[in-house]
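Comments concern the structure below.
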Amino acid sequence: MDGTNLFQLGIGLETGAQAEDTIARDVFDDTRDDHFIRDDEGRVFAGRHLIIEVVNGEGLDDEHRIQQAFRDCVETCGATLLHIHTHKFSPQGVSGVAVLAESHISVHTWPEIGYGAFDVFMCGDAKPWLAVDVLRDAFNAGDVRVKELLRGEEVVPAALNAA
C-alpha cells in the first residue's frame, strides 16, 4: 500500500483521533449456521438498525464521554466490542465508531445545538433497543427520536431459500 492509500485511510495523520486496541477473540457460537434474526412474527433479517437522534443533549463534545456511552451500550445490549475509534473536530464535534462482532455503533455530533446522530446496528442475539435509554442517560437528552430499519428484510429470506 503506498502513501496515498494510507492517507486516504487516515493512517499516519496528525488528527487528534483516539482509538482503542482491538479485542481479539472468538465471538460466534459455532453451533449456529448464521446470525440472522428470526423474530416472533416469522420475519428473517440481517439485523436491527436504529437511527437514534439525541436532541438537547449535553457532553456531545466530549470524546471520553462518547466512548463510555459506546461501552455502556455494548454491555447493556449484550454485544461484543472489538474496537472504538473517535475523532474530535475543531472547534467542536465528535465522530466515532464502535466496531462490534454484531456490527457497529456510530455517531456524529453537533454540540453547539445539542444534537447527536447515532446509528446502532446489531445482528444475532444483541438487543439494540436497549441502547436508547443508555444514550438518553449518557447525554441527559431532553428528547430522543428513533427509527428502526430491519436490514435485509427483503433480501435475506430469498437468499436463504435460494441457497
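Even glycines carry a Cβ here, placed using N, Cα and C.
Going by TrEMBL, these are the annotated features:
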ACT_SITE  SER103  active site, schiff-base intermediate with substrate
ACT_SITE  HIS108  active site, proton acceptor
ACT_SITE  CYS123  active site, proton donor
MOD_RES   SER103  pyruvic acid (Ser)
CB contacts for CYS123 (active site, proton donor) [other CB atoms within 10 A, all chains]: 22
Assigned conformation of the residue listed as 'active site, proton donor' - DSSP reduced to three states: coil
Active-site residues listed as SER103, HIS108, least Cβ neighbours within 10 Å: HIS108
Inter-residue Cα distance where the pair is CYS123 (active site, proton donor) and HIS108 (active site, proton acceptor), in Å: 22
Helix, strand or coil at HIS108 (active site, proton acceptor) [DSSP, three-state]: strand
